[in-house]
């Protein structure tokens, strides 16, 4: 390593986040920030990439990067194999946290809340707009399970291709969406000298309460 980890840092120099810039509820601000990220972030950064954290039945945390695939006034939607490790963890503990980080904008958004499955129709609607290879992969891959080799996985894909050679694959019952229903959303804007701006929204008694947190 050519540089000490202790010496690795960058200073943040973009504009701050004042209460006057923030609406009373968080979804409008998220939409604004997300639109900024789509316009500003460049590959390899994906604006809709997020880290999803879950906790299993033994209280052990797990995290991974996923893509946000839906957003409305109910919450934030992602899709996966329901039999996967994350699916089993959400079955045992239906709460999760997700984090978006947009480095070019020096912004981060943290979201916490309860998670529920979307309707089968919502899952099928998204499944049908996926590329064919991804739709076949949802059938072929026993996600999170141990497999013998890459060749074994490719064999499963070929078998799935043969199965659906004369028909379009439909959405499997073990695959679909989850929606995180936010109870807390924090907007973080990097500032100089690590004195960052943090505006936190909490869902309290049926409405959003906004507060500033110390950096």
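Note that Cβ sites are derived from N, Cα and C of the backbone, with glycine treated the same way.
Summary of the site annotation: Swiss-Prot records substrate binding at 9, 10, 11, 12, 126, 130, 134, 194, 195, 196. Screening the candidates 69, 86 against this entry identifies 69 as the one listed for that site. Together with 64, 65, 66, 67, 68, 69, 79, 80, 86, 108, 143, 144, 198, Swiss-Prot lists one candidate of 102, 188 for binding FMN, that being 188. On its own chain, residue 66 (FMN binding site) has 49, 50, 51, 52, 78, 80, 98 as residues at least 6 apart in sequence with a Cβ closer than 8 Å to its own Cβ. Using a 10 Å radius centred on the Cβ of residue 143 (FMN binding site) and all shown protein chains, the other Cβ atoms total 17.
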